RNA sequence: GGUCCGAUGGCAGAAUGGUGAUGCAGCGGACUGCAAAUCCGCGUAUGUGGGUUCGAUUCCCGCUCGGACCUCCA
């Protein structure tokens with residue numbers, strides 16, 4: 001028995017420091033993570049999945065390294081896009097957000113993303129938002145103007161530190177009409193007035209609704225405190241969303257540090273361009289699952305490092321499917337024991353800023369060994385798959401999923417072909433094989449008999 | 001216009017200041033009635049021009065090209 005694998009140190013890329021840093025939890029007994037969740041007005045697309053999957057892998061790894069992890073991912077259920085979509089659909093906001101949230105959960109479950117420990121909704125945290133706004137006003141970090149409450153970026157010397165830009169850049173680069181009531185072009189809304197057709201809550205500043213950024217400050221504080229370990233999201237959130245969140249939180253809770261480490265994943269591309277709703281070049285999760293196994297989609301998203309852009313193609317989905325074929329073939333050839341351990345080759349790759357491509361290369365080495373009959377390797381492959389959220393099916397389920405023919409019919413035809421082969425009637429044997437292939441069933445003659453799988 | 005990131009074989013994609021993983025595809029072979037699966041073997045790459053260095057794909061500068069953010073966005 002080999003000694004227990006030593007635990008490699010976890011290193012993560014911190015956007016704020018723009019460097020790989022050793023991960024040092026504030027409390028090693030309780031690691032706390034916040035991720036920005038979806039605005040629930042439409043089906044998720046595969047690009048949206050990338051941040052969710054990165055968080056999933058991070059949390060799976062953290063749970064292996066630390067005794068307790070609290071992972072919070074919010075649901076944004078108040079937003080002008082939601083209001084507009086509900087109106088366009090002639091449905092209530094509540095119906096739209098409830099349905100979209102359920103769809104979101106189903107899509108994530110399909111690709112094996114574990115739910116967060118807490119999934120607070122923005123509309124359940126209005127009071128916390130108002131509390132933060134009140135404090136920001138009291139400390140001179142915010143001001144009222146024409147029914148709005150705005151954050152004053154110049155009141156916070158650290159503004160721009162996270163995203164690496166200063167307020168002068170923002171003025172120079174402003175491509176949008178600056179509202180005349182803003183003191184500084186970079187100021188952003190904390191609270192805005194609602195008319196009768198818009199959702200609203202009573203507040204000291206009149207009936208209104210929150211700005212976009214304040215909800216995350218409120219929920220992160222409520223559930224994780226003034227200081228916590230990791231805050232993540234897509235790199236398109238770095239500015240302005242995360243910059244503004246950070247500014248609000250640090251000004252409201254100056255004794256805290258807000259997030260210690262900022263994690264940002266790169267975008268998914270389609271034909272070299274960012275996949276996005278506004279460009280219309282997106283595939284929903286359901287579009288993709290109609291064309292390939294969910295597990296292959298999960299694997300595909302791990303073939304590239306989370307900080308590299310990944311060009312999404314259906315060819316890539318097919319490649320991922322073939323890779324899983326080989327992994328499952330290895331598990332089928334040499335069944336794993338239940339007590340396998342994750343080899344150091346996999347752990348060290350993941351601990352190196354979630355280097356999934358390197359981890360997958362290690363899985364290939366394990367699969368090679370398992371195919372050669374190495375039970376230790378097979379068990380390690382299975383255990384590594386469990387850590388990565390892969391290889392949870394039986395090989396039989398994987399190889400036979402989606403076959404329309406019933407097994408009895410297939411077995412009968414296999415027997416008939418076997419008889420033909422014994423009689424050396426290969427024309428008939430090949431005819432049967434071709435007929436099965438036409439219906440998506442592939443045959444493999446092995447030393448122990450003829451096996452079938454989806455073709 | 002401002003800020004930032006990237007460019008590795010046909011494709012995907014790691015790594016590294018000193019002979020460039022891994023997978024897919026391709027080619028040859030073994031096995032097979034033929035296939036499939038599996039196994040063995042093979043080929044092909046660091047965008048471009050400089051600089052630092054004994055040595056650069058790696059570090060620095062310019063250029064070209066691509067992408068992201070500056071507006072809702074994972």
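Positions of Cβ are set from backbone N, Cα and C atoms, glycine also.
Annotations in TrEMBL come from automatic prediction, not curation.
Database features (TrEMBL):
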- A:36, A:216, A:241, A:245: Zn(2+) binding site (BINDING)
- A:38-48: motif ''HIGH' region' (MOTIF)
- A:274-278: motif ''KMSKS' region' (MOTIF)
- A:277: ATP binding site (BINDING)
- A:345-399: domain 'Cysteinyl-tRNA synthetase class Ia DALR' (DOMAIN)
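Mapped onto this structure are the features recorded in TrEMBL.
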residue : record              : DSSP (3 states)
A:36    : Zn(2+) binding site : coil
A:216   : Zn(2+) binding site : helix
A:241   : Zn(2+) binding site : helix
A:277   : ATP binding site    : coil
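Considering other CB atoms within 10 Å as the measure, the emptiest surroundings among the binding-site residues A:36, A:216 are those of A:36. In this structure, the CA atom of residue A:216 (Zn(2+) binding site) is 22 Å away from the CA atom of residue A:277 (ATP binding site). Distance noted between the C-alpha atoms of residue A:241 (Zn(2+) binding site) and the residue listed as 'ATP binding site' is 18 Å. Here the domain 'Cysteinyl-tRNA synthetase class Ia DALR' (A:345-399) has a mean pLDDT of 97 out of 100.
Rounded to a whole value, the Cα-Cα separation of residue A:245 (Zn(2+) binding site) and the residue listed as 'ATP binding site' is 23 Å.
All chains included, 14 other C-beta atoms sit within 10 angstroms of the C-beta of the residue listed as 'ATP binding site'.
Ranking the binding-site residues A:241, A:245 by how many Cβ atoms sit within 10 Å of each one's Cβ puts A:245 at the top.
Note on the domain 'Cysteinyl-tRNA synthetase class Ia DALR' (A:345-399): DSSP counts are 42 helix, 1 strand, 12 coil. Each residue in A:212, A:213, A:215, A:217, A:231, A:233, A:237, A:242, A:244 lies on the same chain as A:36, A:216, A:241, A:245 and has a C-beta within 8 Å of the C-beta centroid of that Zn(2+) site, without being one of the site residues. On the backbone, the CA of residue A:36 (Zn(2+) binding site) and the CA of the residue listed as 'ATP binding site' stand 18 Å apart.
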